[in-house]
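Feature annotations, courtesy of TrEMBL:
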type: DOMAIN; residues: 42-129; note: domain 'Manganese/iron superoxide dismutase N-terminal'
type: BINDING; residues: H66, H121, D204, H208; note: Mn(2+) binding site
type: DOMAIN; residues: 136-237; note: domain 'Manganese/iron superoxide dismutase C-terminal'
Amino acid sequence: MIKLQPLRLFMVLCLLVGAISLTIGFPYVGEVSAQNSQAGLFKLPPLPYAYNALEPFIDAQTMKLHHDKHHLAYVNNLNAAIKKHPELNGKTVEVLIRELDSIPEDIRSTVRNNGGGHLNHTMFWEIMAPKAGGEPTGAIAEAINANFGTFANFKEQFNDAGVKRFGSGWAWLVRAKDGKLKVISTANQDSPLIQENYPIMGNDVWEHAYYLKYQNRRADYLDAWWNVVNWDAVNKRYELTMALPVS
C-alpha cells in the first residue's frame, strides 16, 4: 500500500489537478466560465482553448456540448450532493473519491459518478491542445519506453483499452502503487484513484465525446485523438506523480 501523510497526500493530489493550468499558460477563452455552475464548492473550469481549436480531430459542437453541458452537469450534481452533508465541505474532489467508503451512503454513488466525472474531465481538457500531438518527449517519453518498450507499443495498448471498454468509460495511463506505468480502463466515470492508481493521462470513450463526428467508429476517434495530446501537460502530470512513494 502507498502510505502518505495526510497533508502530503492532499498537496500532491491538488497539484495533479491544478498545476498544469497554472503553468502551461493557455488563454482561457471558453464561453462558459466557472460562474456558470451552481453555487457550491466545486466550479466548472473554463475550457483552455476555443471550441474549434482541436478541429479537425474533435469538432467544435462536440467540445461545446461536452464541456458546457456534460461537465457542467457533473459539477452541479456533485455540489447538490455535498450540500446535503455540510460535514464534507472543504474536502477536495480527490479526497472524496479516495475516501468513498466513508461518504454517506445516500450520496456515495452520486459522488463516485459525478466527482469522478468532474475530476476526469478537468484532466481531459488540460492534456489536450491545438497544434499538439506527435510523439512524447522528456521524462514521460523515457518512462513510456521503459515500461512499454516503445511509444508504438504503448499507443497500441492504450487504444486497445479504449476500444474494448464495453459501454462508457475511459482509457488511462496511470502510475500504479508499485511505481510502474500501466494502461488500464475504467467504467463510467470511475477515477483510477479509487484503486490507488494515479492518472497521468486519459481519453474519454463515452459516446458524447465523439459520436457527432465519428458515430460508432470509436477506433477512428482513438486514433485521431493522438493529434491533440498535449505532451507538455502530460509530462507535468507525470513529474508530479513522481513525488509519490511506492509500495
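Note that Cβ sites are derived from N, Cα and C of the backbone, with glycine treated the same way.
Among the binding-site residues H66, H121, H208, the residue whose Cβ has the fewest other Cβ atoms within 10 Å is H208.
Within 10 Å of the Cβ of D204 (Mn(2+) binding site) there are 23 other Cβ atoms, across all protein chains. Here the domain 'Manganese/iron superoxide dismutase N-terminal' (42-129) has a mean pLDDT of 98 out of 100. DSSP assigns H208 (Mn(2+) binding site) to a helix in the three-state reduction. Take the mean position of the Cβ atoms of H66, H121, D204, H208, the recorded Mn(2+) site; other residues of that chain with a Cβ within 8 Å of it are H67, H70, H71, F124, W206, A209.
Broken down by DSSP into helix, strand and coil, the domain 'Manganese/iron superoxide dismutase N-terminal' (42-129) contains 58 helix, 1 strand, 29 coil. Under DSSP, residues within the domain 'Manganese/iron superoxide dismutase C-terminal' (136-237) fall into helix, strand and coil as 54 helix, 22 strand, 26 coil.
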